[in-house]
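Per TrEMBL, domain 'Glycine transporter' is recorded for B:5-78, B:92-161. Residues or ranges marked as transmembrane segment in TrEMBL: B:6-23, B:30-51, B:63-80, B:149-166, B:172-189.
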């Protein structure tokens, strides 16, 4: 029950974040819905494909789907009234979504007895894959690859669940809270992962990998 | 039989639209073929993955594949002679493709007894998914998300087929014609879906969703 | 055994090429790892989905995965020391990866008794699909679609294997060497496939395909 409520909060937050990006790019109302749906459900869909969850699982989320559509419709109709405080509570609900979805994704992979690499990838994709597809569809460089600490917390969740450090029900709740707090802290204090500029002048046009 | 002819027309139109985008971006001949193939078959491939159609179905379209390659070769060899009137008849054949593929995609989903959400997504992906991947591979913002009314007609098809409003063979033909006409009208008279500009200043760099 | 060594060389080369692109785009360390992993394993993952190889195959490559992570960590820590000669030996190892992966991809498709179209697509995706996803995630137009001759050699491999021209073990080794040499030559002498500029003025905003 609790996880369902957390999934609903996360779905709404992800759908709204997709809708906002679409409105920032001046996409039409259909683009708003598509980007919202992709942000909310795209990460889970890619995860299902990669770890072999039967695809029908995607289509059993009818209620979440309707909630997402309803939230996006409200945002499209009343953007200024509803979103003027989004920079405050938007980040908290988004952190709840990241944490709940990363844990849920990791649990799926463990259930299917995949190795640790799959568990981590499942956690990252479920937590941040939707946002990556959203950014690609908006013509932007994916935010999670370059700024702030976001997907890293999903990796932590995947790691702890994959190695069964976190296993019991109450441990999963503690992990959930921890990830939410760490994400909010990393946003509030603008924590960054290290980066390193590098340029191979004669390489740029040669490696097609 | 009729649907096969419509599929052929649509495949040619989609493949040529991909080839044109690749030539506009000055891609080489391989890029032209790849963008054309992706536009013609990419939407159906993603749909198959998401609704669980056995993937072998993708590879049974050998004839369509050869027709697409042949059409693209002609366009690459004689672009100016063949395409000077493309803006006229290109839109009609593209509308035929949109309509035929959206209906075909929706029927696949209904056959697999998926819920209405899957039927609509299948119609949209089959009708316009290839064009979205084409635009991404060309480094463009997907056209269907921001301009004119295109994928919307696929949604209508998915909706009517999903709720069995349209069911009989003759009804499907009427729906096909209706979608073609609506698409041509929306192109000719530049119909637009509503859009709404919005910008959350402090949000842009914070939501990694 | 030999193919395993070639796979390792290719995986390292692809992972490093992804890491370099991420550092050029000033992505953080997580972005570096993600782009490297996607470049090394993304092409094979998409191929598995499209030709129906059980997805678990992706997760049985634990050793390759660890090697890729190790190589990227070294590159991130000592980029200038390790990569100053990358434009020399980077292209050779990348050519080894292209050749080995294209052959391996084509063999997968043949094993599953797919038609020739699937064999060629499997060769191209395994050899260059990871690089395409890498470029998309970096916000770049995919290199293989516009410059130099790269994916074309994978097509040759897919064609020869699909039509059983190359079948025996020693023939596969010869094909491997041939593709490596052709790729290195096409890089060294800047061979290009033909391209053709074209622009349909009134078309650009109308075909949503």
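Note that the numbers count up from 1, one per residue, in the order the chain is shown.
Here the Cβ of each residue, glycine as well, is placed from N, Cα and C on the backbone.
Listed by sequence, the residues of this chain that lie at least six past the ends of the transmembrane segment (B:6-23) yet keep a Cβ under 8 A from its Cβ atoms are 31-41, 64, 67-68, 71-72, 75-76, 79, 83, 86, 90, 93-94, 96-101, 104, 130-131, 134-135, 138, 140, 176.
When the domain 'Glycine transporter' (B:92-161) is classified with DSSP, helix, strand and coil residues number 56 helix, 0 strand, 14 coil. Counting residues of the domain 'Glycine transporter' (B:5-78) by DSSP class, helix then strand then coil, yields 65 helix, 1 strand, 8 coil.
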